[in-house]
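A.B. asks: Quick one: structure below, then a few questions.
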Amino acid sequence: MDVVAPSGAQASGPARPTRPVRVQQHLSRWLMVYAMGAITAGLAAGYPARAWAGHHSGDLSTLTTIAVFLVIYPMMVNLRVEAMVKAGRNVRGLGLALVYNFVWAPLVGLVLVRVFLHDPLLALGFLLVMVVPCSSMSIAYTGLAKGDVELATVIVAFSFVVALLAVPLWMMLFAAGYDIPLPLGSMMVSILTVLLAPMLAGWLTRKGIVAWRGPGLLSRLQPVFSAASMLAMFAIIFLIFFAKSQMIVDRWQTVLLLLIPNALFMAVTLGLATWLNRRIGLSYSEHMAVVFASAGKNNATAIAIAATAFSPLVAVPAATMPIFQILLMIGYVKMAPRVRDYYARTPHTRTPHTRTPYVRLEASHP
């Protein structure tokens, strides 16, 4: 006997995203609002309690260290480290992105701080942002712009590895230039804690989940990890502004000056990469992977290193940069059709990829 399902039980459209996916998408969509909310809450709560914060700086540092691990570790679980093996397929795109990240960005940052930032600690914090790995959110922006998601993933993975050497080398040079004592031992411990330890723990977690329940469970958990990373980043931003609320309120004009070098770096990098990548011969999809990875910086990593190895004031540029970075990145995504037309007019550029990649939104910072 045939059993007929009630008409109301028939599928009428695509399945609704699960709650973790909806939470992760909500946090990604309103990332800038929540970052500004964390800044406001930190200042509002910290300034009246500035005396208490001064007496409990050690406790605040411990909380920050815990939040640091909770930011980076989920990113490492979601990051496919195995994808680094495929980097040899596109040496040109990967090489360009690494040059933009670890040569172009530090040199441009040095020029910008000489012109706009005269506080040595704020300048050092801005320069730290310039040398950290690219943001894992660049993968999401690349997917939204129909770019090469696989290449973007490889760039993100390799940038974290290169940062293990590039960050301490550049920071030694910058600190010497500003006559600031560099706590090299503390910074190396911080880098190992912030980058290497979470990378290893995330890789082991990823392997363990796949071995235990298969890749299906990992796919279902990825939105949870991404949301956890963003929530921890908001916690770090709150703690930074809570601890340094008196300095920020008393010197708000200096902090406001960070808007100028941040916006200039993003605008110049996006413009230069768009022109140069076209001249070199990258396809549209390759360009989108490279440009988002080159202009977007992993602010959570910069906050983590600054908060654990330097004065909290050094973390202020990284805590405020997501506000400007997100706006400009989203603006460039909106310009994707014009950029595609621009690349299509180039005689020596290869035909853009036509595949539509799966987009997995991941946390960064910002």
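Just so you know, glycine gets a Cβ as well, placed from its N, Cα and C.
Here TrEMBL flags 1-20, 346-366 as region 'Disordered'. The transmembrane segment annotation in TrEMBL covers 31-49, 61-81, 93-117, 123-144, 151-178, 184-204, 224-243, 255-276, 288-307, 313-333.
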A.B. asks: Counting Cβ pairs closer than 8 Å, which of 31-49, 93-117, 224-243, 288-307, 313-333 has the most of them with the transmembrane segment (123-144)?
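C.D. replies: It is 288-307 that shares the most Cβ pairs under 8 Å with the transmembrane segment (123-144).
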A.B. asks: So what's near the transmembrane segment (255-276) in sequence-distant terms, Cβ-Cβ under 8 Å and 6+ beyond its ends?
C.D. replies: 100, 104-105, 108-109, 112-113, 115-117, 122, 126, 130, 248, 287, 290-291, 294-295, 316-317, 320-321, 324-325, 328-329, 332, 339, 342
A.B. asks: Pairs 6 or more apart in sequence, C-beta under 8 angstroms, 3 or more of them: is that satisfied by the transmembrane segment (31-49) and the transmembrane segment (288-307)?
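C.D. replies: By the criterion, they do not touch.
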